[in-house]
Structures are given as C-alpha cells and as structure tokens.
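For reference, the structure discussed in these notes is given below.
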Amino acid sequence: MTAMAQPVSIIGMIAGLLGVIVLVSVNALFLIWMERKVAAHMQLRPGPMEVGWHGSIQTIADALKLLGKELITPRDVDRPVYLAAPIVVFLPVLVSFLVIPFSHNLIIRDMHVGVLLILSFAALTVLAILMAGWASNNKYSVLGAIRSVAQNVAYEIPLLITLMSVILMAGSFSLADIVAAQSKYWFVLSQPLAFILYIICATAETNRAPFDLPEAESELVAGFHTEYSGMRFALFFLAEYTNMFIVSAIATVFFLGGWRGPFLPGIVWFLIKVYAIIFLIMWFRWTFPRVRFDQLITFAWKILIPLAFVNLILTAFILKLR
Amino acid sequence: MVSYFKEILTGFWSLLAGMAVTIRYFVKPIVTVQYPREKLTMSPRYRGHIEFLLDPETGTHKCIACEMCARTCPSQLITVKGVKVDAKKKVPWQYVIEYQYCSLCGLCLESCPTKALKWSNEYRLAGYSREDSVIDLLTRFQRQQRLAGVPVTPIPEPPAEPEEAAAEGEVKE
C-alpha cells in the first residue's frame, strides 16, 4: 500500500505526528485571526487590535478562555455519541495531513491512493456532524445535521469528478506524482473549469458561507454544535479551520503546482498558495449571502454535477486523442 | 439549453462583480478609530451642548447676564444669575445648564444679544446619574481659557443680598 522507499522509523513517525499537531493548532490560531482581519477590513474596520501586535495573539487568549470553561452536558443527550462526536470530527483531520506533500521531500507518507485517503476521511466529518446533531437532542442541532448530510452528499460527487479529471491528466492518485506532473505548467491553466468547480465544492464541503447552512447562526442558533461548550466546541471549530487548510492544500496540489515555485523553498511556496486559496474562500464568505436550501441542492445537481461530468468526459476524450 | 448556459454565465459574472466590490473595500483605509486612544475631530457644525465663546479681543466671554437665553429656552434648563460689577455692566456669577433636558434647538444661541454662546464639540457625555449632565459653563469657560493660554476670568462673588438676587435671577421653580 505504501510507496515509501525506506521504512518509516518510529522517530520519524513521532516527529511527523508532533509536526502535524503543531501545524494544526498554529494554523487554526492564525486562520481565526486572519478571518477576523479579512472580515474587518472588508467592512472598513480594523478588527482585533488589543492583544499583541494588531491583535495577533487574540486567538490564544480566546483559546485559554475556552479551556477554562465548564463542559456542560445537557440532561437528555445521547451521552456516548454526544461525547464521541468532537473526537470523531477531529481525528480524520489529522489523518489527512499524512499524505499532503508540503515540499519535495517533506511528506510524511507518500501513498499511491493519497487522494482517496483524504477524501474518504473527509467524509467522516459528515458522520461526526450527524452524530453531534442527533445526539444533542435539540431541534436546531438535528436540522443542522440534516442539512449538512444532504449538502455533503450533493457536493462530494462534483468534488470527486472534478478531481478525477486532474487525476486523468496526471495518471496517478498519489499527491506527490500529481505535483510532479505539473513541472511544465499548472493544471489550473488546462483545467480552469475544474478549478472553479472544485473551489465551489470545497467551500460547500467545509460548510462555509455562502453554503454555511448547517451552522446558519441566523436560523439555527449554531446548527449542529449548539449544545457543545468549552473545549468540545473548540474541537469543532479547530476541525472546521483545519478542513479549510486541507481543501486548500488539495487545491494547491491539484491545480497550482503544489510546492513548485522559483527562488523560495518549496514549503514557503506551498503555504503561500494554500493561504491564497484560503483568502479566496474567506473573500467568498464576506461577499455572498447564504443560499436557500433548495437553491443549494439545485445548484449542485443541476449545474455542478453536469458541468463536472462534461469536463471529465472532455478531458478523457482529449487525452485519448493525443 | 441556451438559457441554461446563459444563466450560468450571467450568474458567474454577477458573483465576480460582487467580489470586486468587497476587494475594493478590503484595500480602502479603515474608518473606525481605536476610541480611548484615538479620537475623532468633530466637524465645525457639530452640535454639542452650548458653551461660552472666547472673545479674541478681550480674552473673556461676552455674557451680560441678560437672561434672554434662560427665558427663551423651551425646556427652561438654563439658570443664569448675574451680579452688577459697576453701574452699567452686569456679569454672570452662575451659568448652569441641565443638559439632560436639552433638545439642541439652538434658540439660546439665536436669542443671545451679544452672541456670547456657541456649540461645543463635546460628545463624551456619558454619566452615572442625571446630575452628571449638569454643566457649569463658567468653570468650563475657565478651562477653555487655560487651553487657549489667555488669563483666566475669575468667577464673581454672588451679590450681597441673597433674597434680592433670588427674586431677580430665579427663572426656574
């Protein structure tokens, strides 16, 4: 299954795990700050300014506050499922980092089926949301969970199909091979439609505006995590922001040439591209109003999936002719 | 079929137009200020509560304690008490406004025969009780003089006969 030439040592695994955990936490802290700043500047205000330089450690203060909060478990929840949901939402997020190529040799485990690993574990997030919503015994949570499941089923299909057309061009499911296939030009140039479709689907997959129906605060309080407090809530939050990083990392690997770039080291180029995509997704959030549920589903089944199929068939056709 | 693609294209174009708006705002300078450390400068036409105009020629106010402002005020919130300093001249020894009743109509400024009053730029008027918004314009004027760097006008003593002064100067019950 694994494609690594040399066996992975215990020390390497521990170092990789520590690196992933540090990356996940620092990334979430940075992204929350970045989101608040982006939102603020689009609304002509400065955003957090008080804690640290331009409010840069405001998120750490907020995290400390969340750590100190009481973990409230409502009386009528389905206890085991309720307690398991924050863990189930967080674990697949960690696994996905195993196969992301940060640089040409900075990849914890290069698998032949890296794409499938990430996408299948990303699907577990839906399970966790369903668990959280159902076990909370709260109508808003259940409604949020129902929306999340319907949305993710609808948007996973075009997501996979658009990625398939890139996989056809690269001829491999391995993320490192896909980056290697873009040594001449980035796939965003040959697959612009797939890139646009992927970004739309990724926004929906991470439950972000304009597709943030599962946690629509103006309709459903906080959606599926209404009943979660303290660090349990923080885990959902952490998972959401880490998912943003992962979908942006996939976009970078598939369409923007991964870690490739002149002058700077690979990891720097990779992070620049990832955060550029994340900025794009934040830009969506502060521009577009939330879609209605029927619009959301109609958009997926009537527009995204046909376009993705047309793109896939055309790609296959052109590749066969060449 | 044509309308299907047309709808997709126009929809996509309108999304791009919306994103152009937000990115334009993103690079614009911010408009809010960090309040306790930065403060806005009020526009010249800003209407705060009233205060005495500092006359640049004499270095003091022009109030003659005629009580026109107190009489014209629809809320009767101005209390002026004057004292004669010589045969012709009268100056206020007390000028108090109860700002919590003020509707900023500006009749006091219009009725003032010597144009002694003006709007202040004061906007930080939060207080813990109603008494916090009672403003003594004479002490406030001394502060204005200190800021402007001119000699401070001393507040005159009240007149010797208090019952007469009360009969004359009292306009509020």
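Keep in mind that glycine also has a Cβ here, set from the backbone N, Cα and C atoms.
Features of the protein shown, as given by TrEMBL:
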type     : residues  : note
TRANSMEM : A:12-34   : transmembrane segment
TRANSMEM : A:81-102  : transmembrane segment
TRANSMEM : A:114-135 : transmembrane segment
TRANSMEM : A:155-173 : transmembrane segment
TRANSMEM : A:185-205 : transmembrane segment
TRANSMEM : A:233-256 : transmembrane segment
TRANSMEM : A:263-284 : transmembrane segment
TRANSMEM : A:296-319 : transmembrane segment
Distant-in-sequence neighbours of the transmembrane segment (A:296-319), which means Cβ under 8 A and at least six residues beyond its ends: 150-151, 154-155, 157-158, 161-162, 164-165, 168-169, 191, 193-194, 197, 200-201, 204, 211, 213
Residues from the same chain, set at least six apart from the ends of the transmembrane segment (A:12-34), whose C-beta lies under 8 A from its own: 48, 55-56, 58-60, 62-63, 93-94, 97-98, 108-109, 237-238, 241-242, 244-245, 275, 278-279, 282
For the transmembrane segment (A:185-205), distant same-chain residues with Cβ under 8 A (at least six beyond the ends): 122, 151-152, 154-156, 158-159, 162-163, 165-166, 169-170, 211, 243, 247-248, 250-251, 254-257, 277, 280-281, 284, 296, 300, 304, 307-308, 311, 315
